[in-house]
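Colleague: Structure in structure tokens, see below.
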Amino acid sequence: MAVSKFIQIRRDLHKIPEIGFKEWKTQQYILDYIGTLSNEHVEVKVWETGVIVKVNGKNPEKIIGYRADIDGLPITEETGYEFASIHEGMMHACGHDVHTTIGLGLLTAAVTERIDDDLVFLFQPAEEGPGGALPMLESEELKEWKPNIILGLHIAPEYPVGTIATKEGLLFANTSELYVDLKGKGGHAAYPHTANDMIVAASHLVTQLQSVISRNVNPLDSAVITIGKITGGTVQNIIAEKSRLEGTIRTLSVESMSRVKSRIEAIIAGIEASFQCEAVIDYGAMYHQVYNHEALTREFMQFVSEQTDMKVITCTEAMTGEDFGYMLQEIPGFMFWLGVNSEYGLHHAKLKPDEEAIEKAIVFLDQYVKWKGTRK
């Protein structure tokens, strides 16, 4: 059975996942598709490996923005798709192929039937890291086209197709990467008293970090410290001179993030003293919380509930990280979850979003944009 135009686009994009600021094929695919629209009212700019598109309205008084992240993840795909990734060790495991396809569908609808206001589409690289939203927002390319209102979405495997979920105010957490390098003194396994073992130091650090959440964060607040990777040592009979911990910090408040980092630094200083080692801390990429504009979100939820076929759910905050939060710091707007009904979750090698969600999203977002684009 033949698949629809936009499902085919999603499958094409799914084949070519690329990591942050290396999305060259994805960028070219987007540009090639936009070229097929060939409309005098469409303007295109390239920024890094992203694309910014403006559709000029008939009688513009504001600019409405839609942001789609376009990068993939360093994950080996296990979906069994015929259209699985052709890039070894990389996969669209967070739905950015779906986000981009919906953006192209919404762009197509906007070109086909122009609204009063201008529309700007931000096909943004590097959401998974090192972060593309903030530099794109600050770029010269976007300066003239900066939206007055902006919206974004993220697929949600746990919600059924035909459903969206969002809330006013805080939606996603503040996030920060965490990298700690420990350096001590290596030695022979038979003479531990002559060395400073960085495997043991790393083990103590991991267990002590967990006390930050239970003893330094308000129980009515939420925070997470996860160490996802530890490396160290060379062979079984040599005491490790170095070790490295890699993890993530997530909090629902800016104040908690500051407190958690302060406690991490104090604990690491204690590890340095206890194990006579040196430690270097790097917080890597840090994403601001996603905080939805209350009035716009409330208006959007009411519109979708009353004037479209989609079901609206009021959800709770999530510890998810999203650099779209930087855009919402400067531009009123909102983000929402789009139900895609997948057995496997985000960042899983077997994530399989239900493709029926794509055209449903294009249809109801087109309805919303046309409605919003004629309101003062």
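Cβ atoms here come from the backbone N, Cα and C positions, even for glycine.
Pasting the feature list from Swiss-Prot:
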| type | residues | note |
| --- | --- | --- |
| ACT_SITE | ASP69 | active site |
| ACT_SITE | GLU128 | active site, proton acceptor |
Colleague: How long is the line from the C-alpha of the residue listed as 'active site' to the C-alpha of GLU128 (active site, proton acceptor), rounded to the nearest angstrom?
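Modeller: Counting only the Cα atoms, the answer is 9 Å.
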Colleague: Please identify, from the active-site residues ASP69, GLU128, the residue with the sparsest Cβ neighbourhood, meaning fewest other Cβ atoms within 10 angstroms.
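Modeller: Comparing Cβ neighbours within 10 Å for the active-site residues ASP69, GLU128, GLU128 has the fewest.
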Colleague: Please report the DSSP secondary structure of ASP69 (active site), reduced to three states.
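Modeller: DSSP assigns ASP69 (active site) to strand.
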